[in-house]
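Visitor: Feature table excerpt (TrEMBL):
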DOMAIN    6-322  domain 'FAD dependent oxidoreductase'
BINDING   Thr43, Ser44, Val169, Thr186, Gly309, Gly310, Tyr311, Gly312, Val313, Thr314  FAD binding site
BINDING   Tyr225, Arg280, Gly310  D-dopa binding site
Amino acid sequence: MQDLNIAVLGAGVIGITTAVELQKQFRNAKINVIADKFGEDTTSAVAAGIFRPGTGFMGPSKDITQKWVNDSYYYWDDIRRSVEGPNAGVAEISGYLFSSEFKEIVKNHYLEKLLPIYRRTTEEELKLCKGDWKYGTFFTTVVTQNSYYLPWSTKKFLAAGGNILEKKVNYFSDVANDYNVVVNCTGLGAKALCSDNQLVPIRGQVIKVKAPWIKTFFYGNYDTYILPGLDSVTLGGTRQYESYDKSVNKYDGLSIKERCEEFVPSLRGAEVIAHKVGLRPHRTPVRVEKEVLNLNGNKVNIVHNYGHGGYGVTTAPGTSLYAVGLVKEMLMGNCKL
Ligand SMILES: Cc1cc2nc3c(=O)[nH]c(=O)nc-3n(C[C@H](O)[C@H](O)[C@H](O)COP(=O)(O)OP(=O)(O)OC[C@H]3O[C@@H](n4cnc5c(N)ncnc54)[C@H](O)[C@@H]3O)c2cc1C
(Lines of atoms letter the chains of each structure in order from A and count residues from 1; the text may use other names and numbers.)
(Lines give C-alpha, C1' and ligand atoms only; values in the text may rest on other atoms or scores of the structure.)
Protein backbone atom coordinates (compact mmCIF):
# COMPACT_ATOMS: atom_id res chain seq x y z
CA MET A 1 0.00 0.00 0.00
CA GLN A 2 1.28 3.47 -0.84
CA ASP A 3 1.58 6.41 1.58
CA LEU A 4 -1.09 9.05 1.48
CA ASN A 5 0.02 12.62 0.70
CA ILE A 6 -2.45 15.47 0.77
CA ALA A 7 -1.82 19.14 -0.03
CA VAL A 8 -4.04 21.92 1.21
CA LEU A 9 -3.54 25.12 -0.79
CA GLY A 10 -4.30 28.17 1.37
CA ALA A 11 -3.73 29.11 4.99
CA GLY A 12 -6.77 31.30 5.66
CA VAL A 13 -9.63 30.18 7.86
CA ILE A 14 -10.82 27.72 5.17
CA GLY A 15 -7.42 26.12 4.52
CA ILE A 16 -6.37 25.74 8.15
CA THR A 17 -9.77 24.41 9.26
CA THR A 18 -9.75 21.91 6.38
CA ALA A 19 -6.19 20.80 7.19
CA VAL A 20 -7.04 20.15 10.86
CA GLU A 21 -10.14 18.14 9.85
CA LEU A 22 -8.13 16.11 7.34
CA GLN A 23 -5.68 15.18 10.09
CA LYS A 24 -8.53 13.91 12.27
CA GLN A 25 -9.92 11.71 9.53
CA PHE A 26 -6.70 10.52 7.80
CA ARG A 27 -4.48 9.77 10.75
CA ASN A 28 -1.58 8.30 8.77
CA ALA A 29 -1.56 10.85 5.97
CA LYS A 30 1.20 13.37 5.35
CA ILE A 31 -0.53 16.71 5.08
CA ASN A 32 1.11 19.88 3.77
CA VAL A 33 -0.45 23.33 3.87
CA ILE A 34 0.98 25.39 1.00
CA ALA A 35 0.32 29.13 0.84
CA ASP A 36 1.92 32.42 -0.10
CA LYS A 37 0.27 34.40 2.74
CA PHE A 38 -0.32 33.62 6.38
CA GLY A 39 -1.98 35.06 9.48
CA GLU A 40 -2.42 38.83 9.42
CA ASP A 41 -1.78 38.95 5.65
CA THR A 42 -4.88 36.92 4.77
CA THR A 43 -8.45 38.14 4.12
CA SER A 44 -9.46 36.00 7.08
CA ALA A 45 -7.59 38.35 9.43
CA VAL A 46 -9.74 41.31 8.34
CA ALA A 47 -13.02 39.61 9.27
CA ALA A 48 -14.90 40.44 12.44
CA GLY A 49 -15.73 36.74 12.55
CA ILE A 50 -19.36 36.82 13.63
CA PHE A 51 -21.37 33.66 12.94
CA ARG A 52 -24.11 34.99 10.66
CA PRO A 53 -24.53 33.57 7.15
CA GLY A 54 -26.14 36.01 4.73
CA THR A 55 -29.51 34.88 3.40
CA GLY A 56 -28.02 34.75 -0.10
CA PHE A 57 -25.17 32.43 0.95
CA MET A 58 -25.64 29.30 -1.13
CA GLY A 59 -23.97 25.94 -1.72
CA PRO A 60 -25.12 23.34 -4.26
CA SER A 61 -28.58 22.89 -2.65
CA LYS A 62 -30.69 24.30 0.19
CA ASP A 63 -30.29 21.16 2.31
CA ILE A 64 -26.54 20.95 1.90
CA THR A 65 -26.17 24.66 2.67
CA GLN A 66 -28.27 24.38 5.83
CA LYS A 67 -26.14 21.38 6.87
CA TRP A 68 -22.94 23.40 6.33
CA VAL A 69 -24.40 26.18 8.49
CA ASN A 70 -25.60 23.83 11.24
CA ASP A 71 -22.35 21.80 11.33
CA SER A 72 -20.39 25.05 11.50
CA TYR A 73 -22.40 26.44 14.38
CA TYR A 74 -22.02 23.28 16.49
CA TYR A 75 -18.29 23.14 15.68
CA TRP A 76 -17.70 26.74 16.80
CA ASP A 77 -20.00 26.41 19.78
CA ASP A 78 -18.20 23.24 20.97
CA ILE A 79 -14.90 25.13 20.95
CA ARG A 80 -16.59 28.08 22.67
CA ARG A 81 -17.88 25.83 25.48
CA SER A 82 -14.51 24.10 25.95
CA VAL A 83 -11.57 25.24 28.03
CA GLU A 84 -9.83 26.14 24.75
CA GLY A 85 -12.46 28.77 23.80
CA PRO A 86 -10.51 31.89 24.86
CA ASN A 87 -7.22 30.62 23.34
CA ALA A 88 -8.99 29.81 20.09
CA GLY A 89 -10.61 33.25 20.00
CA VAL A 90 -14.17 31.88 20.07
CA ALA A 91 -16.74 33.55 22.31
CA GLU A 92 -20.48 33.96 22.72
CA ILE A 93 -22.02 37.25 21.69
CA SER A 94 -25.50 38.76 21.51
CA GLY A 95 -26.84 41.75 19.66
CA TYR A 96 -29.22 43.44 17.31
CA LEU A 97 -29.89 43.70 13.62
CA PHE A 98 -31.98 46.79 12.83
CA SER A 99 -33.55 48.15 9.67
CA SER A 100 -35.43 51.40 9.18
CA GLU A 101 -37.01 50.24 5.92
CA PHE A 102 -37.03 46.50 5.19
CA LYS A 103 -38.69 43.81 7.28
CA GLU A 104 -37.04 41.04 5.21
CA ILE A 105 -33.49 42.15 6.05
CA VAL A 106 -33.85 41.34 9.74
CA LYS A 107 -35.05 37.77 9.11
CA ASN A 108 -32.52 34.98 8.60
CA HIS A 109 -33.90 31.57 7.61
CA TYR A 110 -30.58 29.83 8.39
CA LEU A 111 -30.45 31.11 11.94
CA GLU A 112 -34.04 31.24 13.15
CA LYS A 113 -34.28 27.50 13.83
CA LEU A 114 -30.63 27.03 14.78
CA LEU A 115 -29.69 29.58 17.39
CA PRO A 116 -30.93 29.09 20.96
CA ILE A 117 -31.90 32.75 21.23
CA TYR A 118 -33.35 34.34 18.10
CA ARG A 119 -36.37 36.65 18.29
CA ARG A 120 -37.92 39.88 17.06
CA THR A 121 -37.03 42.97 19.04
CA THR A 122 -39.52 44.75 21.26
CA GLU A 123 -40.60 48.35 20.63
CA GLU A 124 -38.34 49.46 23.53
CA GLU A 125 -35.31 47.72 21.99
CA LEU A 126 -35.85 49.59 18.71
CA LYS A 127 -35.03 52.75 20.66
CA LEU A 128 -31.67 51.45 22.00
CA CYS A 129 -29.60 53.02 19.21
CA LYS A 130 -29.89 56.36 17.46
CA GLY A 131 -31.97 56.11 14.28
CA ASP A 132 -35.51 55.58 13.11
CA TRP A 133 -35.55 51.80 13.54
CA LYS A 134 -38.75 50.02 12.51
CA TYR A 135 -37.71 46.37 12.38
CA GLY A 136 -35.21 44.37 14.39
CA THR A 137 -33.98 40.96 15.47
CA PHE A 138 -32.09 40.03 18.62
CA PHE A 139 -29.92 36.90 18.66
CA THR A 140 -27.13 35.15 20.50
CA THR A 141 -24.38 33.63 18.37
CA VAL A 142 -20.60 33.05 18.37
CA VAL A 143 -17.72 35.19 17.21
CA THR A 144 -14.31 33.86 16.12
CA GLN A 145 -11.44 36.32 16.14
CA ASN A 146 -8.94 35.07 13.58
CA SER A 147 -5.95 36.78 15.21
CA TYR A 148 -6.42 34.05 17.85
CA TYR A 149 -7.99 31.22 15.84
CA LEU A 150 -5.43 31.06 13.00
CA PRO A 151 -2.37 30.73 15.28
CA TRP A 152 -4.25 28.36 17.63
CA SER A 153 -5.34 26.00 14.86
CA THR A 154 -1.99 26.24 13.06
CA LYS A 155 -0.25 25.16 16.29
CA LYS A 156 -2.64 22.21 16.57
CA PHE A 157 -1.94 21.24 12.96
CA LEU A 158 1.85 21.37 13.43
CA ALA A 159 1.71 19.50 16.74
CA ALA A 160 -0.19 16.67 15.02
CA GLY A 161 2.59 16.29 12.44
CA GLY A 162 1.41 18.66 9.70
CA ASN A 163 3.83 20.67 7.55
CA ILE A 164 3.60 24.21 6.25
CA LEU A 165 5.29 25.39 3.04
CA GLU A 166 5.48 29.00 1.92
CA LYS A 167 5.03 29.04 -1.83
CA LYS A 168 2.82 30.51 -4.53
CA VAL A 169 1.19 27.85 -6.69
CA ASN A 170 0.57 29.20 -10.17
CA TYR A 171 -0.72 25.97 -11.71
CA PHE A 172 -2.00 22.72 -10.25
CA SER A 173 0.78 21.00 -12.24
CA ASP A 174 3.29 22.68 -9.83
CA VAL A 175 2.14 20.32 -7.06
CA ALA A 176 0.25 17.56 -8.86
CA ASN A 177 2.97 14.90 -8.89
CA ASP A 178 3.62 14.95 -5.15
CA TYR A 179 0.11 14.41 -3.80
CA ASN A 180 -2.75 11.92 -3.99
CA VAL A 181 -5.18 14.79 -3.64
CA VAL A 182 -4.93 18.58 -3.63
CA VAL A 183 -7.52 20.54 -1.64
CA ASN A 184 -7.92 24.00 -3.08
CA CYS A 185 -8.70 26.58 -0.35
CA THR A 186 -7.14 29.59 -2.06
CA GLY A 187 -10.05 32.03 -1.61
CA LEU A 188 -9.85 34.75 -4.23
CA GLY A 189 -6.57 33.20 -5.46
CA ALA A 190 -8.73 30.53 -7.12
CA LYS A 191 -9.79 33.11 -9.71
CA ALA A 192 -6.42 32.82 -11.44
CA LEU A 193 -5.63 29.24 -10.41
CA CYS A 194 -8.93 27.86 -11.79
CA SER A 195 -9.68 30.57 -14.38
CA ASP A 196 -12.96 30.97 -12.51
CA ASN A 197 -14.92 33.97 -13.78
CA GLN A 198 -17.77 33.31 -11.33
CA LEU A 199 -15.46 34.26 -8.46
CA VAL A 200 -15.38 38.01 -7.77
CA PRO A 201 -14.12 40.22 -4.95
CA ILE A 202 -16.43 42.22 -2.72
CA ARG A 203 -14.18 44.81 -1.16
CA GLY A 204 -14.59 45.44 2.56
CA GLN A 205 -12.98 48.15 4.62
CA VAL A 206 -13.18 48.21 8.44
CA ILE A 207 -11.72 50.01 11.43
CA LYS A 208 -10.50 47.95 14.41
CA VAL A 209 -10.86 49.94 17.63
CA LYS A 210 -10.36 49.46 21.35
CA ALA A 211 -13.76 49.89 23.02
CA PRO A 212 -14.04 47.29 25.79
CA TRP A 213 -17.29 48.87 26.98
CA ILE A 214 -19.06 47.64 23.83
CA LYS A 215 -20.40 44.17 24.70
CA THR A 216 -23.25 43.92 22.18
CA PHE A 217 -23.16 43.80 18.38
CA PHE A 218 -25.27 46.12 16.24
CA TYR A 219 -26.08 46.05 12.53
CA GLY A 220 -27.80 49.10 11.02
CA ASN A 221 -28.57 50.46 7.55
CA TYR A 222 -26.14 50.49 4.63
CA ASP A 223 -23.47 48.09 5.85
CA THR A 224 -23.02 49.88 9.13
CA TYR A 225 -21.98 47.46 11.85
CA ILE A 226 -20.32 47.34 15.24
CA LEU A 227 -19.01 43.88 16.10
CA PRO A 228 -17.09 43.25 19.32
CA GLY A 229 -14.46 40.50 19.25
CA LEU A 230 -12.25 39.27 22.09
CA ASP A 231 -10.00 42.31 22.44
CA SER A 232 -11.12 44.72 19.73
CA VAL A 233 -14.30 45.97 18.09
CA THR A 234 -14.71 45.94 14.31
CA LEU A 235 -16.49 48.96 12.81
CA GLY A 236 -17.81 48.58 9.30
CA GLY A 237 -18.08 48.81 6.58
CA THR A 238 -18.19 48.70 2.82
CA ARG A 239 -19.32 46.12 0.25
CA GLN A 240 -17.86 47.14 -3.09
CA TYR A 241 -18.60 44.61 -5.82
CA GLU A 242 -15.71 43.71 -8.14
CA SER A 243 -13.32 46.20 -6.57
CA TYR A 244 -9.75 44.86 -6.39
CA ASP A 245 -8.42 47.83 -4.43
CA LYS A 246 -6.58 46.56 -1.37
CA SER A 247 -5.47 49.98 -0.16
CA VAL A 248 -7.17 51.80 2.71
CA ASN A 249 -9.47 54.50 1.35
CA LYS A 250 -9.49 57.65 3.48
CA TYR A 251 -13.09 58.51 2.55
CA ASP A 252 -14.38 55.02 3.30
CA GLY A 253 -12.70 55.32 6.70
CA LEU A 254 -14.33 58.68 7.43
CA SER A 255 -17.74 57.40 6.36
CA ILE A 256 -17.46 54.26 8.55
CA LYS A 257 -16.41 56.36 11.55
CA GLU A 258 -19.26 58.83 11.06
CA ARG A 259 -21.93 56.16 10.54
CA CYS A 260 -20.83 54.05 13.52
CA GLU A 261 -20.48 57.03 15.89
CA GLU A 262 -23.91 58.29 14.87
CA PHE A 263 -25.34 54.83 15.57
CA VAL A 264 -23.54 54.26 18.91
CA PRO A 265 -22.21 57.64 20.16
CA SER A 266 -19.99 56.17 22.92
CA LEU A 267 -17.63 55.02 20.12
CA ARG A 268 -16.43 58.63 19.81
CA GLY A 269 -13.88 57.91 22.55
CA ALA A 270 -12.55 54.70 21.02
CA GLU A 271 -8.85 54.36 20.21
CA VAL A 272 -8.19 53.28 16.61
CA ILE A 273 -5.99 50.18 16.35
CA ALA A 274 -5.97 49.77 12.57
CA HIS A 275 -7.77 50.43 9.30
CA LYS A 276 -8.02 47.24 7.24
CA VAL A 277 -9.18 46.16 3.80
CA GLY A 278 -10.07 42.67 2.59
CA LEU A 279 -11.46 41.28 -0.66
CA ARG A 280 -14.26 38.84 0.13
CA PRO A 281 -14.06 35.85 -2.27
CA HIS A 282 -17.66 35.86 -3.53
CA ARG A 283 -19.12 33.06 -5.61
CA THR A 284 -22.64 31.68 -6.05
CA PRO A 285 -22.72 28.83 -5.42
CA VAL A 286 -19.75 28.48 -3.08
CA ARG A 287 -17.55 25.87 -4.74
CA VAL A 288 -17.02 22.75 -2.67
CA GLU A 289 -16.69 19.97 -5.22
CA LYS A 290 -14.45 17.30 -6.71
CA GLU A 291 -12.61 17.63 -9.99
CA VAL A 292 -10.24 15.25 -11.75
CA LEU A 293 -7.84 17.23 -13.91
CA ASN A 294 -5.97 15.63 -16.76
CA LEU A 295 -2.55 17.28 -16.91
CA ASN A 296 -0.51 15.92 -19.82
CA GLY A 297 -1.93 12.45 -19.32
CA ASN A 298 -1.57 12.52 -15.50
CA LYS A 299 -4.78 12.48 -13.49
CA VAL A 300 -4.84 14.88 -10.55
CA ASN A 301 -7.48 14.67 -7.83
CA ILE A 302 -8.65 18.11 -6.71
CA VAL A 303 -11.23 19.03 -4.09
CA HIS A 304 -12.19 22.70 -4.26
CA ASN A 305 -13.28 24.63 -1.18
CA TYR A 306 -13.49 28.33 -2.00
CA GLY A 307 -15.81 31.25 -2.69
CA HIS A 308 -17.30 31.83 0.78
CA GLY A 309 -17.72 35.60 0.23
CA GLY A 310 -18.53 37.48 3.43
CA TYR A 311 -19.28 34.29 5.36
CA GLY A 312 -16.07 32.25 5.38
CA VAL A 313 -15.51 32.35 9.11
CA THR A 314 -19.15 31.45 9.70
CA THR A 315 -19.11 28.44 7.39
CA ALA A 316 -15.46 27.26 7.45
CA PRO A 317 -16.13 24.16 9.60
CA GLY A 318 -19.21 22.91 7.72
CA THR A 319 -17.70 23.36 4.28
CA SER A 320 -14.40 21.86 5.45
CA LEU A 321 -16.13 18.74 6.83
CA TYR A 322 -17.96 18.41 3.51
CA ALA A 323 -14.68 18.85 1.57
CA VAL A 324 -13.01 16.16 3.70
CA GLY A 325 -15.90 13.84 2.81
CA LEU A 326 -15.18 14.50 -0.86
CA VAL A 327 -11.49 13.73 -0.33
CA LYS A 328 -12.56 10.39 1.17
CA GLU A 329 -14.76 9.64 -1.83
CA MET A 330 -11.91 10.42 -4.23
CA LEU A 331 -9.40 8.23 -2.42
CA MET A 332 -11.65 5.30 -1.62
CA GLY A 333 -9.86 2.15 -2.59
CA ASN A 334 -6.70 3.85 -3.86
CA CYS A 335 -4.66 4.45 -0.73
CA LYS A 336 -4.04 3.40 2.85
CA LEU A 337 -6.71 5.30 4.87
C1 LIG B 1 -14.32 43.45 6.00
C2 LIG B 1 -14.63 41.99 6.08
C3 LIG B 1 -15.40 41.54 7.15
C4 LIG B 1 -15.74 40.19 7.22
N5 LIG B 1 -16.47 39.75 8.29
C6 LIG B 1 -16.84 38.45 8.35
C7 LIG B 1 -17.61 37.97 9.45
O8 LIG B 1 -17.93 38.71 10.39
N9 LIG B 1 -18.00 36.66 9.45
C10 LIG B 1 -17.65 35.80 8.43
O11 LIG B 1 -18.04 34.64 8.47
N12 LIG B 1 -16.87 36.22 7.40
C13 LIG B 1 -16.48 37.51 7.33
N14 LIG B 1 -15.72 37.95 6.28
C15 LIG B 1 -15.42 37.01 5.18
C16 LIG B 1 -14.21 36.16 5.47
O17 LIG B 1 -13.13 36.96 5.84
C18 LIG B 1 -13.85 35.34 4.23
O19 LIG B 1 -14.97 34.64 3.76
C20 LIG B 1 -12.76 34.31 4.57
O21 LIG B 1 -11.67 34.96 5.18
C22 LIG B 1 -12.31 33.54 3.36
O23 LIG B 1 -11.30 32.67 3.82
P24 LIG B 1 -10.32 31.92 2.84
O25 LIG B 1 -9.48 31.02 3.67
O26 LIG B 1 -11.12 31.33 1.71
O27 LIG B 1 -9.47 33.09 2.16
P28 LIG B 1 -8.16 33.87 2.64
O29 LIG B 1 -8.22 34.25 4.05
O30 LIG B 1 -7.98 34.95 1.63
O31 LIG B 1 -7.00 32.81 2.47
C32 LIG B 1 -6.58 32.37 1.19
C33 LIG B 1 -5.26 31.62 1.33
O34 LIG B 1 -4.92 31.07 0.07
C35 LIG B 1 -3.59 31.44 -0.25
N36 LIG B 1 -3.45 31.49 -1.70
C37 LIG B 1 -4.26 32.10 -2.59
N38 LIG B 1 -3.81 31.89 -3.84
C39 LIG B 1 -2.69 31.13 -3.72
C40 LIG B 1 -1.77 30.58 -4.65
N41 LIG B 1 -1.92 30.76 -5.97
N42 LIG B 1 -0.72 29.86 -4.17
C43 LIG B 1 -0.56 29.66 -2.84
N44 LIG B 1 -1.40 30.16 -1.92
C45 LIG B 1 -2.45 30.88 -2.36
C46 LIG B 1 -3.40 32.78 0.44
O47 LIG B 1 -2.01 33.05 0.58
C48 LIG B 1 -4.10 32.51 1.76
O49 LIG B 1 -3.25 31.81 2.63
C50 LIG B 1 -15.31 39.28 6.20
C51 LIG B 1 -14.50 39.74 5.18
C52 LIG B 1 -14.16 41.09 5.11
C53 LIG B 1 -13.28 41.56 4.00
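The backbone N, Cα and C atoms fix where each Cβ goes, glycine too.
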Visitor: Beyond Tyr225, Arg280, Gly310, what residues of that chain have CB atoms within 8 A of the centre of the D-dopa site's CB atoms?
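Guide: Leaving out the recorded residues gives Ala47, Ala48, Gly54, Ile202, Gly204, Asp223, Gly236, Gly237, Arg239, Gly309, Tyr311.
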Visitor: Hey, does DSSP put Val313 (FAD binding site) in a helix, a strand, or just coil?
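Guide: The three-state answer is helix.
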Visitor: According to DSSP, does Tyr225 (D-dopa binding site) fall in a helix, a strand, or coil?
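Guide: DSSP assigns Tyr225 (D-dopa binding site) to strand.
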Visitor: For the C-alpha pair, I'd like the distance in angstrom between Arg280 (D-dopa binding site) and Thr43 (FAD binding site), rounded off.
Guide: 7
Visitor: Using Cβ atoms only, which residues of the same chain lie under 8 Å from Val313 (FAD binding site) while being at least 6 residues apart in sequence?
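Guide: When sequence neighbours closer than 6 are ignored, Val313 (FAD binding site) has Val13, Ser44, Ala47, Gly49, Ile50, Phe51, Thr144, Asn146 within Cβ distance under 8 Å.
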Visitor: Can you tell me whether DSSP puts Val169 (FAD binding site) in helix, strand or coil?
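Guide: In three-state terms, Val169 (FAD binding site) counts as coil.
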Visitor: Would you count the other C-beta atoms found within 10 angstroms of the C-beta of Gly309 (FAD binding site) for me?
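Guide: By my count, 23.
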Visitor: Looking at FAD and its recorded binding residues Thr43, Ser44, Val169, Thr186, Gly309, Gly310, Tyr311, Gly312, Val313, Thr314, figure out the farthest C-alpha pair and report it in angstrom, whole number.
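Guide: Output for FAD binders Thr43, Ser44, Val169, Thr186, Gly309, Gly310, Tyr311, Gly312, Val313, Thr314: max Cα distance 26 Å.
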Visitor: Quick one: which of the binding-site residues (Tyr225, Arg280, Tyr311) have their CB closer than 6 Å to ligand 1?
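Guide: Cβ under 6 Å from ligand 1: Arg280, Tyr311.
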Visitor: Consider each pair of residues in Tyr225, Arg280, Gly310, all listed by the record as binding D-dopa, and report the largest Cα separation in Å as a whole number.
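Guide: This binding site's residues have a maximal Cα-Cα distance of 16 Å.
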Visitor: For the domain 'FAD dependent oxidoreductase' (6-322), provide the mean pLDDT of the predicted model.
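Guide: Mean per-residue confidence for the domain 'FAD dependent oxidoreductase' (6-322): 97 out of 100.
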